[in-house]
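K.L.:
The structure's right below; bear with me while I get my questions together.
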Amino acid sequence: MKKYTNIKDISNLQETIKEAILLKMNPFEFSDLGKHKTLVMLFFNASLRTRLSTEKAAKNLGMNVMILNVNDAWNLEFEDGTIMNANTSEHIKEAAQVISQYADVIAVRAFPSLTDKQKDESEFVMNSFVKHATVPIINMESATAHPLQALADAITITELTEKPKPKVVLSWAPHPKALPQAVANSFVEMMQNMDVDLTITHPEGYELSEAITKNTTINHNQEDALKDADFVYVKNWSNYKDYGKVLNQDENWMMTKSKLGKAKFMHCLPVRRNVVVEDAVLDSEQSVVMQQANNRTFSAQIVLKQILEDL
Amino acid sequence: MKKYTNIKDISNLQETIKEAILLKMNPFEFSDLGKHKTLVMLFFNASLRTRLSTEKAAKNLGMNVMILNVNDAWNLEFEDGTIMNANTSEHIKEAAQVISQYADVIAVRAFPSLTDKQKDESEFVMNSFVKHATVPIINMESATAHPLQALADAITITELTEKPKPKVVLSWAPHPKALPQAVANSFVEMMQNMDVDLTITHPEGYELSEAITKNTTINHNQEDALKDADFVYVKNWSNYKDYGKVLNQDENWMMTKSKLGKAKFMHCLPVRRNVVVEDAVLDSEQSVVMQQANNRTFSAQIVLKQILEDL
Amino acid sequence: MKKYTNIKDISNLQETIKEAILLKMNPFEFSDLGKHKTLVMLFFNASLRTRLSTEKAAKNLGMNVMILNVNDAWNLEFEDGTIMNANTSEHIKEAAQVISQYADVIAVRAFPSLTDKQKDESEFVMNSFVKHATVPIINMESATAHPLQALADAITITELTEKPKPKVVLSWAPHPKALPQAVANSFVEMMQNMDVDLTITHPEGYELSEAITKNTTINHNQEDALKDADFVYVKNWSNYKDYGKVLNQDENWMMTKSKLGKAKFMHCLPVRRNVVVEDAVLDSEQSVVMQQANNRTFSAQIVLKQILEDL
């Protein structure tokens, strides 16, 4: 693997998922592979799970890890040709090349503005790193994608499914704050590459980008969409058409035990209890959110392993 | 050891102190014990000594260490059943369980509010981690206790005492800011478990919790209390009865060379010079604060060692 | 080496540079030298390159690294005899001694105020650590010096020079913010110790300290100064006489391709594009800023190596 900024970077998904499940059984099997190799993790935004699981994964492979909260340093410039006499102190051209000299792999987290749709969709932070860095880049959640989460979700569904082609439903949920579409986007793209029957349900007007959803079934009737589901992935995203707005906080879209039926409940976390999903779901045996979070280590570890093998 | 949130978690104090003193002579003797084990250190509050000494201790044992300043991520919810539509983004139930999957041991620092006595005394942060985490929890100073400091203090007194039952005095000192009772509480509890003659001295009205002091001698006359002391532990705490208030800044309670007599001077640090204690004391041979600070590494290391041995 | 706070601490510069170039070819040759040794890195100010390259260097030598952003803890007191009843919580005497007990080497970054010339020139932060710490101190940029950068620059010039005594020009550049003189100072002092022909050019009134420049050629005519240069080091500094002021932002002092001639372009980074230097220079083959940044790892590594060998 040459980089992992998008799930399309995985060449053989089924093989990768299987290998991740094997890693999980023996996490230290390749603890020499990363010897004298350094992962630099760059955070433009806060992180708990992604930070700890990715650091853990790298150390399981014997890598050194260096972490920088970029905002603790200074603002980076991403535009070409700018006269940098204002708030930015260093151009991404220099920053990415310099960090590449201290790193064998760079992992980046950079959320969208949710105010400038075109700029967010250009993935200017992640793509600038890909363009200017001279080492592989891993996406730890960017403006439009969260491929490490999606891979962990694919591992989780693979581990848990009891039938060949399970029904998977992505169900929008209310949330008081404007959240990115990144998790939903990558989950949809991942499911489109797996042998599942995918349905998306959300209020009218909350369509994700058509470039993502393509011909996936969209059903605005949540009850109908959830019928006979095997896995229900609940997630809020802010409006995509009226970009970044919170136009709907309808509590009726919260996931409940009765709506869930016999399905497994999935969420990427952090989750707001009794807003996105009621306690009864999270505290039940049907919730697999801990397994998803645990698999974050192994999605990062399999990606790092494949990158290290291709260095 | 299954956890270390309170000095009561030590089953054999004398043995533990002796073993810590042995570790200090040979810090890398057990440098394979922590192989492939991870300590996650979570800070809700600032730290210098605790952070560095605990990280050092873990690495002496060969552990991996991952550090998270929780406030750099987001606010955690600790109440059950809340509708989380306000400032908290993740419930401790999820956070503690998730982090447990990335950690073999979790260490937590979480100071009291000093405004809500009942909530502070409930130790809701530390106890929530104990309740919801699935790995051992270490207290790096909580609302009401600082057991790693107290263990370092016990080690120091054991190393230095020249008589079987030394006289130890805990002497309150003035301070401009409201400080927790945690260090004083744990020191008192630790001394109650050692073969020492303990006296507490403070201005009237500055009593610590009776649940802590029990039948320990309290003397409001500092001069009288300090008489023939072998060890004088100086520490400010804010008022416990009129909870968290700074009701007294009487400079006469500052520790001086003349008051100290021939006793050893102890303090947990950081210390405000010429407010809590005069320069002449800190700069004298009688001050053992550096030895206390050094023993922080070995108090953390013996606790981690005992926990690792019981995993 | 007993410390590295100033380039004067290098006893044999030519030998040290040669050894650094050897290290660069085989960075892991001494990966056992730092076993069970700990570098504590203390940041009073932001850092990207210095932080990552110094951490990398230490790990290349097998050291443990612990990093503390001091401002995340609390304010340190540097004055002797103060009654510490205001904003400072711990005296440097205690802090430096305590950290020395957890570290084998301490690296410190502490920028100048640029408002109090006398205090900045006293190097009170760096010198307080040297005075009170009991382990070697490394300067990761102080009020008046940046010796790790200067050593990286010396390595770079040594690697690249095609003649015995190259002409090196330090050329001031405009900048919207008040920057320290530290990089310029250490570069000048380093070049004075190398077999180069050094010229400094800057607007009248922007003289560096005479204690630094001594009898080095200063030419206020930039075009004339740059004539036949082999290496041009561009750097802004705020006014030294009218201390810390930005009195000149004359764009004509920006480095351009035509001014540069056939010289190599050097800068310590971060650099503001099209303010300090135009894009055409940075994006050309003549720019060696990436080589300088890469050599930061090996300047730190050779310093750490020499310190470890003398422990």
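Placement of Cβ uses the backbone N, Cα and C atoms for every residue, glycine included.
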K.L.:
Pick the one from B:His175, B:His202, B:His220 that TrEMBL also lists for the N(2)-succinyl-L-ornithine site with B:Glu141, B:Lys235, B:Arg272.
P.N.:
B:His175
K.L.:
Across all the protein chains here, work out how many other Cβ atoms are within 10 Å of the Cβ of B:Lys235 (N(2)-succinyl-L-ornithine binding site).
P.N.:
21
K.L.:
Could you tell me which of the binding-site residues B:Arg49, B:Trp74, B:Glu141, B:Leu148, B:Lys235, B:Arg296 sit with their CB under 8 A from some CB of chain A, listed in sequence order (or 'none')?
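P.N.:
Listed binding-site residues meeting the cut-off: B:Trp74.
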K.L.:
Tell me which of the binding-site residues B:Leu148, B:Cys268 sits in the most Cβ-dense spot, judged by other Cβ atoms within 10 Å.
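P.N.:
It comes out as B:Leu148.
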K.L.:
To see if you understand the setup: which same-chain residues, six or more apart in sequence, place their Cβ under 8 Å from that of B:Arg296 (carbamoyl phosphate binding site)?
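P.N.:
Non-local contacts for B:Arg296 (carbamoyl phosphate binding site): B:Arg49, B:Thr50, B:Ser53, B:Thr54, B:Leu148, B:Gln149, B:Ala152.
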K.L.:
When you measure from the Cβ of B:Ser47 (carbamoyl phosphate binding site), how many other Cβ atoms are you left with inside 10 Å?
P.N.:
22
K.L.:
Between B:Glu141 (N(2)-succinyl-L-ornithine binding site) and B:Ser47 (carbamoyl phosphate binding site), find the distance joining the two CA atoms and give it rounded to the nearest Å.
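P.N.:
Here the two Cα atoms are 10 Å apart.
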K.L.:
Can you filter B:Ser47, B:Lys235, B:Cys268 (the binding-site residues) down to those whose Cβ is less than 8 Å from some Cβ in chain C?
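P.N.:
Near chain C: B:Ser47.
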K.L.:
List only the single closest residue to B:His146 (carbamoyl phosphate binding site), chosen from the binding-site residues B:His175, B:Lys235, B:Arg272 by CA-CA distance.
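P.N.:
Closest recorded candidate to B:His146 (carbamoyl phosphate binding site) by Cα: B:Lys235.
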K.L.:
Work through the binding-site residues one by one (B:Ser47, B:Trp74, B:Cys268) and name whichever has its CA nearest to the CA of B:His175 (N(2)-succinyl-L-ornithine binding site).
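P.N.:
The smallest Cα gap between B:His175 (N(2)-succinyl-L-ornithine binding site) and any of the binding-site residues is with B:Cys268.
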K.L.:
Between 0 and 100, where does the mean pLDDT of the domain 'Aspartate/ornithine carbamoyltransferase Asp/Orn-binding' (B:183-304) sit?
P.N.:
98
K.L.:
Should B:Arg49 (carbamoyl phosphate binding site) be counted as helix, strand, or coil on the basis of DSSP?
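P.N.:
In three-state terms, B:Arg49 (carbamoyl phosphate binding site) counts as helix.
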